[in-house]
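Worksheet for the structure shown next.
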Amino acid sequence: MAAAKDVNLFGTDGIRGHVGQHLTPQLALQVGFCAGLELGQDASPHQPFILGQDSRNSSDMLAMALSAGLTAAGLDVWHIGLCPTPTVAYLTHHTEAVGGVMVSASHNPPADNGIKFFQANGTKLPPTTQGKIEQRIRAYSQQQPSGTWGHHFHRPELTKSYTDAIQTPLHAQVDFQGLKVVLDLAWGAATQLAPAVFKAMGAEVICLHDQPDGDRINVNCGSTHLAPLKAAVNLHEADVGFAFDGDADRVLAIDCQGRTVDGDYILYLWGKALQQQNQLPKDLIVATVMSNLGFELAWQQQGGTLLRAAVGDQNVHAEMLNHGSMLGGEQSGHILCPHYGVSGDGLLTALHLATIICQNKTRLSCLVDDSFQTYPQLLKNVRVEDRDRRRNWQECQPLQTLIDQATDDMGDQGRILVRASGTEPLIRVMVEARDMRMVNHWTDQLVRAVETHLA
C-alpha cells in the first residue's frame, strides 16, 4: 500500500479530520503500524497497547484498523471499548503498556473523527515523536512487519481501575448525599462511567443524552451546546449540572441560576481549595491566552499568580512542568491537576467541583458569586477552508492594521486574540473589554476583515 501523501498529520490534538476524506481506515492502519514500530521499539514481545474509542459510527472501523496496524507491529492490543480519553491516558500510565491511543474527535461533529496517542507515562506525544511517526508513514512501503504478530483482546473491565482511582480518594473525604446533579453526556464517551461514579458517590443523578447511537455525538448537546442542560437544571431544581464533550476530557458546569461556570471559574474555585490545603505550590495557576482578565485580577487579589500559555492542553501542560504548577487548564473546560491525573479529565474535574460544593455546604451559585466578575468577552469563529491562509493569517496586512487600531483604542481596558484553530478549519476572533459596546464593535470589524481577506 502506498504511503499517505499528506504526512503532516498531527495537529494540536492528534490526527483529526472528516472520515472518508482526510481520515480513512487505510490511513489508520498505516498510523497504527508506524506508531507501533516507533513506540514499541524497546517493547517486550506482546507488550500491550491501550485502545479506546468514543461512540461515533466510524470509531469501530478506525479502532479495528489501528489495532491491525499495532498487532502487525508486534504489540498486543487491549481494547477498552467506549470510554473517556482520560481513561486511556490513565491505563497507559498504570499498566505495562508501551502506549495508548484514543479514537475520537472530541467536540467535533459526528462526521469527523480523530486519533490521539499517549506515551507510556500517559501524556500526549511530544512533537518530536509525532515527527518520527510521520517519517515512518512517509516510508510506509519500505516498513517491514515485526515478524511477531500481536493479538487483540477486549478488556472493558479495566475501566474499573480508572473509576476507582478518581473516586476512592474523594469518597474518603465526602459523599454527595443530598446533591442533585444533571449530567449532559453528549451521546459520547462518558455515558457509561460518569453516571455510575456520581451515583456511587451518593448523588441523585439525572442524565441527558446518555443513549449514544453513533449519529448524534455533540449534536445540540454537551459542552458546546449548554441550553438543554440549563433547562434541565431549572426543571429538576438541581444543585449543579455538568456538560461533557464527546470524549469527556473537558467539562463545563451550570449553577442553579442557569449561569455557565467555565474553566476559568473552575480553576479559581479548585485553586482556592488547593491553596487552603497548602497543596498549590507558589499559588500558581497556568491558564491560556483565552482566560478572562477578571479571573486573572481576582486570582492576584487571592495572593496567587496566573501564567498564560498558548491555547491547547499540551501547551498548558508544558508551562506547568516548566514552572512547577499543580493546576492549569483552559476556559473551555480542559483542566489539569497532576496530583490526581496525568491528563485533562472532565469526569475527575466534575467530581472535584462537586466535592468543593459539598465541603463548603453551599450551592455552586454562592461560590461563583464570591469569586470574580468576568470582563465582557466575545468569541466568534470564521470558517476559512484554505489551509495556507489559515496558517499564515498573520501575513494579512489589512487584518493586522485593524488589530493594531483596536489594540490602541482599547488600551489597558481590553485585549484582542486572533488565532487559527488547530483542530477545525476556523479562524477564531476573541475580543475582551470592560465595555460591551467596545467588544461588539471591534468583534464585528475583525470578523468582517477575516471574511473579506481570508475566507
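Positions of Cβ are set from backbone N, Cα and C atoms, glycine also.
What Swiss-Prot records for the Mg(2+) site is Asp245, Asp247, Asp249, and among Ser106, Ser365, Ser371 the residue it adds there is Ser106. Taking the mean position of the Cβ atoms of Ser106, Asp245, Asp247, Asp249 as the Mg(2+) site, the remaining residues of that chain whose Cβ falls within 8 Å of it are Asp54, Pro84, Thr85, Ser104, His107, Gly188, Ala189, Phe244, Gly246, Ala248, Arg250, Gly346. For Asp249 (Mg(2+) binding site), applying a Cβ distance below 8 Å and a minimum sequence separation of six or more within one chain yields Pro84, Thr85, Pro86, Ser106, Asp313, His334, Ser343, Gly344, Asp345, Gly346.
Every protein chain shown contributes to the tally, and the Cβ of Asp245 (Mg(2+) binding site) ends up with 33 other Cβ atoms within 10 Å.
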